[in-house]
Structure formats: structure tokens, C-alpha cells
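All remarks here apply to the structure that follows.
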């Protein structure tokens, strides 16, 4: 009964909210079949991964960098992954006229493929790369088709649009600005272990006074920063909300 009441309350809050911000992590994409790279069995378990994905390694050995980059993120099979119910739910809220912005730690681009227009890619995206000289952009298929992708105009080895270790977060200030404008923060599918993103719920709750909602299978240790906690898969949460119609 309490569970049903929580869903009813959250549905009512979302209907009344003027500005909704959603923070998503790996759990938003695992239901599409994408591995959680930071899990115990994920590719981040390799001790060398942080080096391979670092700005310094790209600068020193760009050809070797691209070899490891493609292996780590399984670039050649990435087209098989499709947006799931959670991605579509957020896009549907936007289609209903809601002012909703997604702050995602994911680099898969599935929020955009699912139809969301206002997405801030905190860690960049796998879907594109660019020339470090002329800034021309290239898509995922171009990266797949070329062992070491180079700019067709300049012949420079492309720079991936993923934020590498050693880079700053270029979208951080945009994310913070949005956070301070929001009525509701929904955190979905993230363990909240990586800073500075781990501080977002506290900012929203303590400084902004927003309503905060957590949807995650595992406890995060930050439950005290949330008004509502759903220990569920995102798809289950969406189905629960949908059943309140």
C-alpha cells in the first residue's frame, strides 16, 4: 500500500513540476544490454583502462589509443543497442510539454536516440568524434569504418567526443546552472560514487530545496538526500508510474 502511495505521490509531483532534471547513470542503459563498464566484471576492472582512456595516452600514442578505445567500448557492435522503456519514458515527458533536462553520465547517446532533445552529456558521447585542427565532426559509423579514424580534410587523427581521464568536464557549469533552476531531481541508475556528480543530490535537496527522487537497484549511501527512494530497475519504476493512470 505504501509503495502504491509513493507512486501516486511521485506521479502527482511530476504533473505539477515546472522544471524537471534527471541524472542518469549506467543503470539507465543496462536494460538496453549495454554492460556496466564499472561493474566488478566490467572492462573498467582492467587496471590499465584509466591509462588507455587518458588524455596523456591519446596525446602520446593516438594510434594505440584508438585501438584500445574501440576494444574497451566495443565500438564495432554499438549499433545493436537501442533505447529502452526508461529512455522512452523521459522522451514522452518532454513530448507532453514538460521542461525536462537530462544530465547523463552515460556516453552511449541512447537518450537522444530515444527522442530526448535536452540532454547534457556530462562525460561526452561515443556517437561522434572531431578533428582537433579544423573541428569537423564525424559519426560513429565513420569511426567503425576506419581503424585509426582521420580527418578527411586535414589528415589529423580524430579526437573522440568522450571526456577522457585528465580532461575537465566541459558541461559541468551548464549542469550546475540547471540544477539550481529545478523543482524536481530524479536520479536514475547511478551509484553516486563519482564526483562531482555525486554531490548533485545534496545540492538539489539542501541548497535548492527541490524534491528529490532516487531510482536505483542498489542502495547508494545517499538515501538521506532523497524524499522518495525506489529500489527498483528503471523499467519497473516506469511501469509503476504508468499503472497510476
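Including glycine, each Cβ sits where the backbone N, Cα and C put it.
These come from Swiss-Prot:
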DOMAIN    1-245  domain 'Deacetylase sirtuin-type'
BINDING   26, 30, 37, 38, 105, 107, 108, 123, 190, 191, 216, 234  NAD(+) binding site
BINDING   37, 107, 108  nicotinamide binding site
ACT_SITE  123  active site, proton acceptor
BINDING   131, 134, 151, 154  Zn(2+) binding site
Candidate nearest residue 134 (Zn(2+) binding site) in space, where candidates are the binding-site residues 26, 105, 108, 190, 216 and distance is Cα-Cα: 108
Spatial separation of residue 123 (active site, proton acceptor) from residue 107 (nicotinamide binding site) - C-alpha basis, Å: 6
Rounded to the nearest Å - Cα separation of residue 154 (Zn(2+) binding site) and residue 123 (active site, proton acceptor): 26
The residue listed as 'active site, proton acceptor' versus residue 105 (NAD(+) binding site) - Cα distance in angstrom: 6
Rounded Cα separation (Å) that holds between residue 216 (NAD(+) binding site) and the residue listed as 'active site, proton acceptor': 20
Additional residues around Zn(2+), ordered along the sequence, whose Cβ is within 8 Å of the centroid of 131, 134, 151, 154: 132, 133, 135, 136, 152, 153, 155, 156, 158
Alpha-carbon distance [residue 190 (NAD(+) binding site); residue 151 (Zn(2+) binding site)] in Å: 35
Reduced DSSP assignment, residue 108 (NAD(+) binding site): coil
